[in-house]
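Accompanying notes for the structure given below.
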Amino acid sequence: RRIMSSKPVSPAHITVRGPGPKQRVTLRASLRDEKGALFQAHARYRADAEGELDLERAPALGGSFAGLEPMGLIWAMEPDKPFWRLVKRDVQTPFVVELEVLDGHEPDAGRLLAREIWFTLLLITTLKFFKRYNAFLFSSLGPGLFPGIIDIYGVGGGLLEYRASLLAGHGFATLAVAFYDFDDLPKDFSNIHLDYFEEVVCYMLQHPQVKGPGVGLLGISLGADICLSMASFLKNISATVSINGSGSSGNSTIHYKQISIPPLGIDLKRIKVTFSGILDIVDIRNDIVEKFENPSMIPIEKAQGPILFIAGQDDHNWRSDLNVQTVSERLQAHGKEKPRIILYPGTGHYIEPPYFSMCPASVHKFFNKVVIWGGELRAHSKAQVDAWKQILSFFSQHLGGTHKGVSPKL
């Protein structure tokens, strides 16, 4: 009895051959992250009349999910440690995913019928570390010129590379950049200096593998607001993707030359505490007054290139769907066209690449306490798949590339 599968970096086609006709089986997937935390999901199935189980045709009868979900065993994995986020820090080592077939519908007691191991290596590209910019550059294998993208994460700090590595696999030279809490960088994000990022843009455009004439920007959360600020003040920005950005300075002062955008600030009295003691910080930001001319708003009307706004409508870090509406109104008030906005219902704050486990709550670095990030498992997971397609299509359209366009679809 054996399982046939492909790597779960892309959609996997999983079939099980060998069970008896109409036999009840349970499939269980598991992996351990780099700190040893165990992530697992399971689902109950019934083989067909020929004794075969094809997850593209057979609906799950229950477990971590139900219904026809060919990749459910991957995106539905949850950690055994509470409030733990799945993060890949070393892209040169693989995720090891174990898939087991168990007899019956009891995942912890059924007899083991088969086991398959996946080694999922995210790095399918070349990379080089640049100490001066606290950044890793990922580029496609082989010679040539590639569209350039700068990738920035948020309040978690440090240097996260896995999204940049995956983008490079689609033909983009991608620079993952740290801006605080990494090596000799500042230990907090109270002051963000765009001059640092301007140097990064210049470096990218001078790199022999980057074709120019401009670069793309991709950011999530605070990283998205840094990208929006870069697009507003810096030259040679051809396209920007903001994932759950706020459109304001948040808790930071943003500096460029002689210009400073003051922090919007927060009101800690607005924090809500759930019955289980988890913080809900969705409404703690100070209100944006003075309509669209609040001095803490990013002057996004100055941006030259197109911007794609992606927002989860169940984001509990802040109200991303309302934020993008405010930004859109500001743009139109300044005579600009309405930007492209994709809203995902049931989707929380951490919109990751496809099939990454959803993180509904974890420790927030600023508060050092567990906060709600939001999201409903199925809706959030499907949004991650679609958002990734939209990002690739957007950058291919505006930076040049071979990825075909797609229309938003959940």
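Every residue gets a Cβ built from N, Cα and C, even glycine.
As annotated by TrEMBL, transmembrane segment applies to 135-156. Listed by sequence, the residues of this chain that lie at least six past the ends of the transmembrane segment (135-156) yet keep a Cβ under 8 A from its Cβ atoms are 123-129, 163-165, 167-169, 171-179, 189, 197, 200-201, 204-205, 207, 209-212, 215-224, 226-227, 230, 364-366, 395-396, 399-401.
Summarising the annotation, TrEMBL assigns domain 'BAAT/Acyl-CoA thioester hydrolase C-terminal' to 192-400.
Residues within less than 8 Å, Cβ to Cβ, of S221 (active site, charge relay system) and separated from it by at least 6 positions along the same chain comprise Y153, G154, V155, I243, N244, G245, N317, H349. Per TrEMBL, the feature active site, charge relay system maps to S221 (among others).
If you look up TrEMBL, you'll see D315 (among others) marked as active site, charge relay system. The Cβ of D315 (active site, charge relay system) lies under 8 Å from the Cβ of N244, V282, D321, T347, G348, H349, W373, G374, each on the same chain and at least six residues away in sequence.
Per TrEMBL, the feature active site, charge relay system maps to H349 (among others).
For H349 (active site, charge relay system), the count of additional Cβ atoms within 10 Å of its Cβ stands at 26 [all protein chains shown].
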